[in-house]
């Protein structure tokens, strides 16, 4: 066991409470930054390149057939294998918070397509669900169980916003515990089924869950309704026969009062529980070993690492499982130096280097990042930023992400105030049209000297936006349409055919009668 501090690097401000880590073939990837991705890494997924205790972040890309994946904090994540004997695995991501604090009810499947020294490519697909679809939530868990040769995912716990009909102006963004229902998700058919079990009376969030074969153990957690961290321990057993699945729950003694702890797997049957909180303002510095054998769980206290004074005295800490017995921990930098806007990171390893080369583990684990939502249960506000300062030469690889290279998008054309009713904000904007990725769609108004406006602020439908982008016609925004009525998005009119001019007719000669001739003769004589 070792605790090693990671050297300070730039752009570590992306690693904030609620992030997640994915381990593919020993390579660790970061997901769930605070804030929307920028153009240097539109996917929001980074390779964490840790060499000689120095952390570097390299952007990853998505394949062309991938869906859009927003940066989600506090989601539920677990690994998934089609075959227990296969080394190939994917990650299931469900729920979480977007950068503008919207909650997601979508479920994504992430897989690694290719990996080279310069670039990692992922494929992300969104899974359509039907039936009892879980509501949008965060701070919950998801696990995969195996029974009778079949596998299903199990979703439990979490928090969600108060229903719209119950919201008030003062408590518009208040959160509540989700109902203590257990959801079974069949990925083969996309079906969801919910189960209400009498043993589960109160909702839980930021708990820990570990799974082995057909059994899931749920440990600890925080209840908003009662504001307690009860020493609870539940055993969920899932049977998957040919007919309807069967789910049973048993309350076990010997639980632990903890929330927001991190679990990492050290062997086929052993897990280590680290961190979390045992009360509102008290961290839990004790570590425990969870042993899963013969359809039972044993929880024993184990030797804790030599925590540094900075870790002991900080009021808040957070982290995530890196896989293979390692955990990435972070603490606010205001407990270490005069710089109050910095985070500092440590890597806690429970396995030696030679052990990491053993066969990849088969049991599943799922735990929340090691901090509860600061806006709900700790003195720190969820909007509080902790940034990492570093020297400009802290990167020596060309393809390493550097946030300092980003343009100040608040001064560029995409984030202007396009009109008096403009509602596009760089900090809260989310894609509205299917053609948008990390910038809002804009269109040129021909009024005056011409200026750019956001298509969403002009209430343009996606069909109209595509038509205007393809056709060579003038557009006038809502503020200039009154001055140019009839000119906004005119219909294309075919060119008028000019009619050929008819040739002039020759004038007919005037016939003079004999009377007129005599009159003219006298007139000129």
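The backbone N, Cα and C atoms fix where each Cβ goes, and this holds for glycine too.
Those TrEMBL annotations? Automatic predictions, nothing curated.
The region 'Disordered' annotation in TrEMBL covers 358-382.
Annotation source TrEMBL lists compositional bias 'Polar residues' at 362-372.
According to TrEMBL, the feature compositional bias 'Acidic residues' maps to 373-382.
Residues or ranges marked as domain 'Recombination activating protein 2 PHD' by TrEMBL: 413-490.
If you look up TrEMBL, you'll see 418, 422, 445, 451, 454, 457, 477, 480 marked as Zn(2+) binding site. Here the Cβ of residue 477 (Zn(2+) binding site) has 22 other Cβ atoms within 10 Å, regardless of which shown protein chain they belong to.
With helix defined as DSSP H, G or I and strand as E or B, the domain 'Recombination activating protein 2 PHD' (413-490) counts 12 helix, 8 strand, 58 coil. Residues near residue 451 (Zn(2+) binding site) in space but far in sequence (CB under 8 A, at least 6 apart, same chain), listed by position: 418, 444, 445, 477.
Here the Cβ of residue 418 (Zn(2+) binding site) has 25 other Cβ atoms within 10 Å, regardless of which shown protein chain they belong to. Cβ neighbour counts within 10 Å, taken over all protein chains shown, single out 445 as the most crowded of the binding-site residues 422, 445. The number of other CB atoms found within 10 A of the CB of residue 457 (Zn(2+) binding site), across every protein chain shown, is 19.
Considering other CB atoms within 10 Å as the measure, the emptiest surroundings among the binding-site residues 454, 480 are those of 480.
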